[in-house]
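*Asks:* Grabbed the feature section from TrEMBL, which reads as follows:
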COMPBIAS  30-40  compositional bias 'Pro residues'
DOMAIN    71-187  domain 'Phosducin'
REGION    26-55  region 'Disordered'
Amino acid sequence: MADYHFVYKDVEGASTQWDDIQRKLGNLPAKPPAFKPAPFTPANDQASLPKDKSWIDEKTEQDLEDLEDNPDLDDDRFLEEYRKKRLAELRETAKVARFGSVVPISGSDFVREVSQAPADVWVVVILYKEGIAECGVLMQCLEDLAAKYPATKFVKIISTDCIPNYPDRNVPTVLVYNSGAVKANHVGLRSFGRRCTPEGAALVLCQSDPVLNDGQSGNGRSRKAVIDGVRKRFIEKVVTEHENDDDGSSSD
């Protein structure tokens, strides 16, 4: 005859009277607490959240275009007007801040990239030669400036590709163009001071014209306004470096 065994399980957390007596005597471990699920909290419905300026500010240009026929904005004239304003700002920023690095060009590119650049664009051209240390120092400074002032066009060209037989002793040379004409030229690294820095190079470039444009302040900035902005950046950098030095010395 087959041997059948039946196992009976009570409700989870339930206990018999015998088990309770054994726990009091210390023969069984304490009864584990009954499972209690955390209270249910429904997730926020993004579509039901209140819509304000911050909601618009978080949107990309494509998002704002997609909201053009959004029924949620039909009854809110302020948000609709703010959406249009924000979209115009994003488009203007994308249009103005269109450079951002030092772009290599060849001799055949010079007229198109430099001489024929739009009248509202300042072009900074560095003539250089590979293997000359001074060129590397100035190039690094101009790369920094190109990133900070993306509405100013920076290009680099090998000196002899631009001007045949241009002497190596004159490189690096920087030419500043606007409206197809040379507005300034700086020959040699010495033109940018004893210790060439991005801030020092910025001041030299803006000696006579508002060459640098960060794309945030419009194209009608005066030379004084640009130089004031450069000096402000320089002071902020000095203060930051000083604070970092203090933090390093205090941790030693």
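Our numbering is plain: 1 for the first residue shown, then up by one each step along the chain.
Cβ atoms are placed via backbone N, Cα and C, with glycine included.
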*Asks:* By DSSP, how many residues in the compositional bias 'Pro residues' (30-40) are helix, how many strand, and how many coil?
*Replies:* 0 helix, 0 strand, 11 coil
*Asks:* Can you check how the pLDDT averages out over the domain 'Phosducin' (71-187)?
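*Replies:* Summarising the domain 'Phosducin' (71-187) by its mean pLDDT gives 87.
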*Asks:* Using DSSP, break the domain 'Phosducin' (71-187) down into helix, strand and coil residues and give each count.
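*Replies:* Secondary-structure composition of the domain 'Phosducin' (71-187): 56 helix, 28 strand, 33 coil.
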